[in-house]
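Quick notes on the structure that follows.
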Amino acid sequence: TFTDSGGESHGAVVEMLRACAAQLLLATLAFLLLYVITGPEGSPGGSHFALLVLYLAALWVGKLTAPFKKLPPLLPMLLVGFLLRNVPELGTMIGKQVDPEWSSALRLSALTLILTRAGLAMDLNALLRLRFVVLRLAMLPCLCEATAAALLATWLLDFPPLWAAMLGFVVAAISPAVVVPSLLALQDQGFGVEAGIPTMVVAAAPLDDVLSIAGFGICLGISFAESSWLNYARAPLELLLGLGTGMIGAALLAVLTPSSNEEEGAKDLRLLLLLSAALCTAFGLREVGFSGAAALAVLVLGAGCARGWGPAAKPVSASIADLWTRLAQPLLFSLVGASVVVTDLETETLAGGLLIIFIAGLVRFCAVMLALSGRGMKQQEKFFTAIAWTPKATVQAALGGLALDEAREDNEELLGRRLLAVAVLCILVTAPPGATLIALMGPRLLQKVDKPEVEDTGLDKPEMDVVPAETLPGELENC
């Protein structure tokens, strides 16, 4: 027995060494190929070299921390980017060498991927059947926290009203990437099922994020609009343009690649068309000055394609999820981390940001308790839902740097860096404690049933392959 055990251990070590050697060889070949193609830009000190280092470092750290199921993968990836920008020697060779235009384009591409996946995951029929309590849970805490954070930002950070509103919507978005896996784990154990808490939170999560993204985008568009008359019509124009562009694109793709088309290669064609349309929409609308409409248009495009393609949309969604996990996620979070420069941050910004996050979080907590009133829930169930409705992560990373990308003047750049710093602080302060508190407090505050049966809330029991908002299958495995 001891011999067999020793042989198995030796075999496992050999396999691990082989895998590490293969990864090292692959990375070496990638750097050599980059140098051959791009020349000096692909050598140490070049911008392309810096991007590849950031990507590979974030990818490997994400894999190393994957066994820690309660640790969202975005946190170590953010930390890697932050270290590669702020550690003296590494920062000079890597972090400072990242081309701002490349960074902006890659972050927008990653955000487009998130929004496309969010749209594909939306069940429009289920959303139409949502009960008022779910709508209240999605809207009231988000708007209350955004308002509180915006008012505090004008006082503590001297933000102009529109910039304060942008910061408010960035801070207000919760993270299904952290919340949903934790709730589904509790549901599998039977906690909170009788009260319908997992179903309710899973249904409300995408609406909360859509509201935050749309609000941020509209404020962003108004802030950087050059024409004065356009400012007054900006909000309805962004809304109509986003809805119209997304609906037209979805209708066109549904007609060109109908769900009845089951030929070989149909899935790949749908995937390529959807990604191309989403990226062209996002970059095109941003180019003409309608960044807010871009986010809404991509969401509507994904939702419309999901409706038009029916079951055929699932393999497309799975492919986008895989692309996010393997490529976009490490790039996005490492670049966001590398955008934070410690020497540029003022103590006043950090202290003010922490105070904003804490006070606005308390406002959200109270708003959740209010939103759940009148439903017959026990006090401890309301308390747990308020705890589960606090973690922030992916949306903050995706939106935090957009205002900085649009900055044209020194003052705007300073405000953009402050906003990004508060967004990163929000992730660090809320995501790890939030995930831990959900896991610890769920069994203590929620009632357990032996055979979980979801209460009839007007919603179907959430499936693992249909995930709301920006949460992706890869994140469910790694969170």
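Yeah, the Cβs are placed from backbone N, Cα and C, and that goes for glycine too.
According to TrEMBL, the feature transmembrane segment maps to 16-37 (among others).
Here TrEMBL flags 49-68 (among others) as transmembrane segment.
The feature domain 'Cation/H+ exchanger transmembrane' is assigned by TrEMBL to 60-432.
According to TrEMBL, the feature transmembrane segment maps to 132-157 (among others).
Here TrEMBL flags 163-186 (among others) as transmembrane segment.
Residues annotated as transmembrane segment in TrEMBL: 207-225 (among others).
The transmembrane segment annotation in TrEMBL covers 237-257 (among others).
Taken from TrEMBL, the feature transmembrane segment covers 292-311 (among others).
Residues annotated as transmembrane segment in TrEMBL: 323-343 (among others).
Sequence-distant contacts of the transmembrane segment (349-371) (same chain, at least 6 residues past either end, Cβ-Cβ under 8 Å): 133, 136-137, 140-142, 144-145, 148-149, 152-153, 156-157, 167-168, 171-172, 382-383, 385-386, 389-390, 418, 421-422, 425-426, 429-430. The transmembrane segment annotation in TrEMBL covers 349-371 (among others).
Taken from TrEMBL, the feature transmembrane segment applies to 419-441 (among others).
Outside the transmembrane segment (237-257) by six or more residues, the chain places 214, 217-218, 221, 230, 266, 269-270, 273-274, 277, 281, 285, 290, 292-305, 307-309 with a CB less than 8 A from a CB of the stretch. Sequence-distant residue pairs (6 or more apart) of the transmembrane segment (49-68) and the transmembrane segment (132-157) include fewer than 3 whose Cβ atoms are under 8 Å, leaving the two stretches without contact.
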